[in-house]
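Here is the structure we will look at.
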Amino acid sequence: MAAAPLKVCIVGSGNWGSAVAKIIGNNVKKLQKFASTVKMWVFEETVNGRKLTDIINNDHENVKYLPGHKLPENVVAISNLSEAVQDADLLVFVIPHQFIHRICDEITGRVPKKALGITLIKGIDEGPEGLKLISDIIREKMGIDISVLMGANIANEVAAEKFCETTIGSKVMENGLLFKELLQTPNFRITVVDDADTVELCGALKNIVAVGAGFCDGLRCGDNTKAAVIRLGLMEMIAFARIFCKGQVSTATFLESCGVADLITTCYGGRNRRVAEAFARTGKTIEELEKEMLNGQKLQGPQTSAEVYRILKQKGLLDKFPLFTAVYQICYESRPVQGMLSCLQSHPEHT
């Protein structure tokens, strides 16, 4: 007897979550392995007097977070989280990283023990012993195997079906390949590697570097300076991974889409860079710019810089990561934006 088709739930419906919903919704129509209806949990909001779930289910467009891109009709928006995840075999987590504890607490026990997850969340958390990966939190709270997906994937370009690559990291290769089957398209090409922790760290740390790149753009430093930010930022990413990853760190992972490719595209095209440039030019706070420029969505780079700063301070390692430290201090401790340049000039990579 054929196995029952696998039910998919997307936990999150922002810009990236909606772009991924478009891919999954279209793919499951063609693949008998997966159930034809995809549930998507939506944090309910009112847009122009209508519930966002009603707009998505009737107009098949997330007009707030992914306007201009139609979602497949088999993607069903649900505002009740417990109802959305009920009986799901595959969970795709794509929410701001600061909400992961609450979300996991709410759904633990409501999904089958055999369920598998994949996190597209770019961020880290602090634990009592220092670094805690988002995948670790999900794994510990829910008791399910969890893969990660990170790459050079600007959501609007993915939704427009422009070619890109991405990386899945999975400690159980079979599970990583299952998610590749669910997500891959001719224009969304996926490589699966087993160095999952490094893949996940790349996705979080590159946002800090992108903030630094945005500061340089705001100061009109030029492309040479931005290239230095990218190179030095990559060096700090590798050093951080070697210190804090539990398993072996493969330098080759940084050459995948999750590494240098994602770093480049985020430092040139991402919203962390864009908001950081505005921060440098206007003097407004990060919070003010989030409201003005991101439609209320949260920026991951500054928050991740704060978490990384506290982890490094706890371990007495701040002097080894001057770029990460400078981004935090400029965002939160009123250090002048020009401090980004002095950080580059005195970086230990040059001694």
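Using the three backbone atoms N, Cα and C, a Cβ is placed for every residue, glycine included.
Taken straight from Swiss-Prot:
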{"type": "ACT_SITE", "residues": "Lys206", "note": "active site, proton acceptor"}
{"type": "BINDING", "residues": "Gly12, Ser13, Gly14, Asn15, Trp16, Gly17, Ala155, Arg271, Lys298, Gln300", "note": "NAD(+) binding site"}
{"type": "BINDING", "residues": "Lys122, Arg271, Asn272", "note": "substrate binding site"}
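Gly14 (NAD(+) binding site) sits 13 Å from Lys122 (substrate binding site), counting Cα to Cα. Across Gly12, Ser13, Gly14, Asn15, Trp16, Gly17, Ala155, Arg271, Lys298, Gln300, which the record gives as binding NAD(+), the greatest C-alpha separation is 19 Å. Of all the recorded positions listed (Lys122, Lys206, Arg271, Lys298), Lys206 sits in the most crowded Cβ setting, with the most other Cβ atoms within 10 Å.
Other residues of the chain with a Cβ within 8 Å of the Cβ centroid of Lys122, Arg271, Asn272, the substrate site, are Asn207, Ala210, Thr266, Gly270, Arg273, Leu299, Gln300, Gly301.
Put simply, Lys122 (substrate binding site) is 9 Å from Lys206 (active site, proton acceptor) when counted between their Cα atoms.
In space, Arg271 is the closest of the binding-site residues Lys122, Arg271, Asn272 to Ala155 (NAD(+) binding site), judged by Cα positions. Neighbour list (Asn272 (substrate binding site), Cβ cut-off 8 Å, at least 6 residues apart, same chain): Asn207, Ala210, Val211, Gly214, Thr266, Leu299, Gln300, Gly301.
In sequence order, Met40, Trp41, Val92, Phe93, Val94, Ile95 are the residues near Gly12 (NAD(+) binding site), counting only same-chain partners six or more apart with C-beta under 8 A.
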